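Novice: For reference, the structure I am asking about is given below.
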Amino acid sequence: MLTEADIEYYIRAGRIACTVRKEVENYISAGTRLLDIAEFIEKRILELGGEPAFPTNISINNIAAHYTPTPGDQLTVPENAVVKIDIGVHVEGYIADTATTVSLAEKYRALVEAAKEALEKALTFVLPGRRFSDVGSVIENTIKTRGFKPIYNLSGHSIDRYSIHAGETIPNYRDRLNLGKFRQGKVYALEPFATNGSGFVVDTPTITIYALRYNPKKIRYLSKDVRDLYSYIYDRRRGLPFAKRWLLETFDGDVIEKALKEFESNGLLITYPVLIEKSSGTVTQFEHTVVIDKSGQVIITTDC
């Protein structure tokens, strides 16, 4: 059960996430470097008293999730792009997760509104005891009514301290096999994705986001310089995701590459492949984090 202090930490994280999300919506334009967008977001999170819960996800057009700029990344926002920004903030491990979509083309307005309306309606259904699949049904029906599809294999999720995906999934459709229910004292992220494509995402070979597993028996097999890097990352991230560009101010690039290989070979590395829509459809996304307290719910990423 969450204490009042726990809830206050979540509210602080949510206020920061909300503020930065609103600021970045005005920062995005054709030709802007993705790296500049990510660094703007992550710098503002720190300035406002939080820390990034994960590297900023900037997903363009048919990319659905898990792209964060690489070191020296020269990719820019294309003309007429649909840009999804997924932001995570934590304060002492208490996480707020939020996302928005900015379309630079009028023709995608309906697709943007489909995901946005799905989230707005879904949030009104979040109550203790309500089934996740009932909220998924609201999301699915709202998106389909506008002539689009939800992404069936992406979902919302429960959140815990230092854990973004804490074990429970909130489907974006009526999944009758999902028997989960919203519970008082828990935290959830609702995350509708809408597409004009097939409604499914697939992995790509591209990986820009990582996390570490904790396994003392495996850690001792790492070489000394790699073990030092492991300690540096884990002490700061506690298992939360990270990006290579975050490490370059402190560690040599060759050491980082060597470490990632050793982490992986010892089963210590979690990777997050970039996800694209299976039929190359355009994808939109919106997300808010909800704390279910004694009063029912507090949407922590809308108050700023």
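Each residue, glycine too, has its Cβ placed from N, Cα and C.
In TrEMBL, annotation is done automatically, which means it is predicted and not curated.
The substrate binding site annotation in TrEMBL covers His66, His165. The divalent metal cation 1 binding site annotation in TrEMBL covers Asp86, Asp97, Glu287. For Asp97, His157, Glu191, Glu287, the entry in TrEMBL reads divalent metal cation 2 binding site. Look at TrEMBL and you will find 11-199 tagged as domain 'Peptidase M24'.
Tell me about the setting of these features in this model.
Specialist: Under DSSP, His66 (substrate binding site) is assigned to coil, being neither helix nor strand in the three-state scheme. Counting every protein chain shown, the number of other Cβ atoms lying within 10 Å of the Cβ of His66 (substrate binding site) is 24.
Within 10 Å of the C-beta of Asp97 (divalent metal cation 1 binding site) we count 29 further C-beta atoms, all protein chains included.
Other C-beta atoms found within 10 angstroms of the C-beta of Glu287 (divalent metal cation 1 binding site) number 26, with every protein chain shown included.
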Novice: Are there any residues in the same chain, six or more apart in sequence, whose C-beta is under 8 angstroms from the C-beta of Asp86 (divalent metal cation 1 binding site), and if so which?
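Specialist: Correct list: Thr56, Asn57, Ser59, Ala65, Asp97, Thr98, Ala99, Gln285, Glu287.
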Novice: Between the Cα atoms of His66 (substrate binding site) and Glu191 (divalent metal cation 2 binding site), find the distance and write it as a whole number of Å.
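Specialist: Each residue's Cα considered, His66 (substrate binding site) and Glu191 (divalent metal cation 2 binding site) end up 14 Å apart.
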Novice: For Glu191 (divalent metal cation 2 binding site) and His165 (substrate binding site), what Cα-Cα distance in Å is obtained after rounding to a whole number?
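Specialist: Computed Cα spacing between Glu191 (divalent metal cation 2 binding site) and His165 (substrate binding site) is 12 Å.
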Novice: Counting only residues 6+ away in sequence within the same chain, which have a CB under 8 Å from the CB of His165 (substrate binding site)?
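Specialist: Once residues fewer than 6 apart are set aside, His165 (substrate binding site) is near His157, Ser158, Ile159.
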